[in-house]
Amino acid sequence: MTQFTDIDKLAVSTIRILAVDTVSKANSGHPGAPLGMAPAAHVLWSQMRMNPTNPDWINRDRFVLSNGHAVALLYSMLHLTGYDLSIEDLKQFRQLGSRTPGHPEFELPGVEVTTGPLGQGISNAVGMAMAQANLAATYNKPGFTLSDNYTYVFLGDGCLQEGISSEASSLAGHLKLGNLIAIYDDNKITIDGATSISFDEDVAKRYEAYGWEVLYVENGNEDLAGIAKAIAQAKLSKDKPTLIKMTTTIGYGSLHAGSHSVHGAPLKADDVKQLKSKFGFNPDKSFVVPQEVYDHYQKTILKPGVEANNKWNKLFSEYQKKFPELGAELARRLSGQLPANWESKLPTYTAKDSAVATRKLSETVLEDVYNQLPELIGGSADLTPSNLTRWKEALDFQPPSSGSGNYSGRYIRYGIREHAMGAIMNGISAFGANYKPYGGTFLNFVSYAAGAVRLSALSGHPVIWVATHDSIGVGEDGPTHQPIETLAHFRSLPNIQVWRPADGNEVSAAYKNSLESKHTPSIIALSRQNLPQLEGSSIESASKGGYVLQDVANPDIILVATGSEVSLSVEAAKTLAAKNIKARVVSLPDFFTFDKQPLEYRLSVLPDNVPIMSVEVLATTCWGKYAHQSFGIDRFGASGKAPEVFKFFGFTPEGVAERAQKTIAFYKGDKLISPLKKAF
């Protein structure tokens, strides 16, 4: 067991004062949790295996700050332990353009995931632990332990109150993730006051019921040995994740310690002075780090981390010689590259092929590419038979003791936990090794996971949502299951691909773009009902996000559509042709990708001087960027047989043609410019 001395106490005091100075300089932030959690941070980081000079080393221990408001603690630790974060960076905390934003963001070396919305971090940590278990089961060999890292997470009462933490923690217990250790900052304070006003459940019993090991540290403010003992004991648990319930005092050392007033506001000047005096620091100086503290962390963290990384590099070099195929595969994954020519396995179709639901075409893609992509790992939120997300030879990701799979399996049974699924996918992606996680549910229920989807986009995790039952085509299940506003919501997010493919070639294009994406997540919205294969579609064209599917010379109108309404627009164009009205049909499967194309190309698809009408059985919000007139559904759906529901809302060839004629008449004589053209 580690023996703690005066240098450890000085290091803890330094962390506390540095975090307080960081918040005070910004005159904004959260000093309370860092003051209470500093001892745990010091002890944990002194035991974690990491290399600050190579923060992306694949076998490093991961640290997730789920209570992201305590980020001054994380920034202090990154600075003290040798990461690329200077005192000047700390002084710029929460300032525009700084490297130290108000909550942890994934881009900073040493920050594993973006946190802040409570409950996301613990769920990300579950994903990281799952990824590690899969990597180890896939590549470890006797004498060659390439992957054995732990994932550690700090979380607070707020995280535990969020429903997502229950979803993720329940799954972690089921999966017996012994590589996951969570330290619960039990300070009994929330923003409104004591937790007793709204939160008095027995957290320990709750986590025991989930299948976790639960350990206790009664004095997290000072008991370094007790914290170290709990972490060491947690690492002995190989078939259960561990929750260390650590009692702390929020704002420890402050005049307002133990109260909610110290949670989210800088300490007053007199409080800072007495705090510094109490911990042996000059009350008139700020951002002071004793050299012996730097030296201590250099000795206990930086030097051992570099040595461990070098040792791993030698081991991997030997591994590549003994297991050349696996070694080359892992090296490729660590470089962030997909296998050469993997896309040649994507299925292609002609208009003579039979009509098939795009969810079924998605299943075909997964079936065709899974052997090519060992980094592909996915599942469904208890909708596998509906989402069609499991390839025939898939092995479930399950604890070996379950008898129904093992950790080398790449199909995840998420249960009915959409929000956790989204955050877990973020964690799997953030782990590294080029993991490509996907998760299936109904499109309408991706909304349950909106918080996780937003963080995917903000962080640049290229996760994939396989979102089936994408419209009123759901039919009898009715408006509770029929998405209306869902795509408009997610299309409004920055940095996300939202695909709604119309046929097999477009489904393949959606997967191609999504799997090749480095920093952008994707939602692939798929139909329940059969759709025809289209004349004029191709993977190459659809990969641009939008293209001319069927053209005529000098069109009177352009019909631009997505998904099931593309084939409907083709039929409407025939109806119009019978009336001597010429219509171009444009398919626009993904706005985001189309917007990335050169303006010249986009204007060739949606040009000036022709009225453009969008056709989509969803909310018309967002279509103003591409169409002069929109035909959609801006009310909730209806229960009934799908063809009857389409007819009820006017989505028939005749209904589309009628509205196209009205659009032509409305804009007749006007000098139209493309909606793509804007002043700025």
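Glycine too: its Cβ is placed from the backbone N, Cα and C atoms.
Features as listed in Swiss-Prot:
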type	residues	note
BINDING	His30, His263, Arg359, Ser386, His469, Asp477, Arg528	substrate binding site
SITE	His30	site 'Important for catalytic activity'
BINDING	His69, Gly116, Pro117, Leu118, Gly158, Asn187, His263, Glu418, Phe445	thiamine diphosphate binding site
BINDING	Asp157, Asn187, Ile189	Mg(2+) binding site
SITE	His263	site 'Important for catalytic activity'
MOD_RES	Ser286	phosphoserine
MOD_RES	Ser335	phosphoserine
MOD_RES	Ser402	phosphoserine
ACT_SITE	Glu418	active site, proton donor
MOD_RES	Ser492	phosphoserine
CROSSLNK	Lys647	ubiquitin cross-link
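Locations of recorded Swiss-Prot features on the structure.
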residue: His30; record: substrate binding site; DSSP (3 states): coil
residue: His69; record: thiamine diphosphate binding site; DSSP (3 states): helix
residue: Pro117; record: thiamine diphosphate binding site; DSSP (3 states): coil
residue: Gly158; record: thiamine diphosphate binding site; DSSP (3 states): helix
residue: Asn187; record: Mg(2+) binding site; DSSP (3 states): coil
residue: Ser335; record: phosphoserine; DSSP (3 states): coil
residue: Glu418; record: active site, proton donor; DSSP (3 states): helix
residue: His469; record: substrate binding site; DSSP (3 states): coil
residue: Lys647; record: ubiquitin cross-link; DSSP (3 states): helix
(message) Are there recorded positions among His263, Ser335, Arg359 that sit within 10 Å of Ile189 (Mg(2+) binding site), Cα to Cα? If so, list them; otherwise say none.
(response) His263
(message) I need the neighbours of the Mg(2+) site defined by Asp157, Asn187, Ile189. Which other residues of that chain put their C-beta within 8 angstroms of the C-beta centroid, in sequence order?
(response) Gly156, Asp185, Asp186, Lys188, Thr190, Thr195, Ile250
(request) Could you measure the widest C-alpha to C-alpha distance across His69, Gly116, Pro117, Leu118, Gly158, Asn187, His263, Glu418, Phe445, the residues recorded as binding thiamine diphosphate, and give it to a whole number of angstrom? (result) 35
(message) I need the CA-to-CA distance for Ser386 (substrate binding site) versus Ser286 (phosphoserine), whole Å please.
(response) 60
(message) Can you tell me the CA-to-CA distance separating Gly158 (thiamine diphosphate binding site) and Ser286 (phosphoserine), as a whole number of Å?
(response) 31
(message) Given a 10 Å Cβ-Cβ cut-off, pick out the one of the recorded positions Asp157, Glu418, Asp477 that has the most other Cβ atoms nearby.
(response) Glu418
(request) Out of the recorded positions Arg359, Glu418, Phe445, Asp477, give me the one sitting nearest to Ser286 (phosphoserine) by CA distance. (result) Glu418
(request) Spatially speaking, which of the recorded positions His69, Asn187, Ser402, His469, Ser492 is closest to the residue listed as 'active site, proton donor'? Use C-alpha to C-alpha, please. (result) His469
(request) For Asp477 (substrate binding site), identify the closest of the recorded positions Pro117, Asp157, Ser335, judging by Cα separation. (result) Pro117
(request) Would you measure the largest Cα separation among His30, His263, Arg359, Ser386, His469, Asp477, Arg528 for the substrate site and round it to whole Å? (result) 49
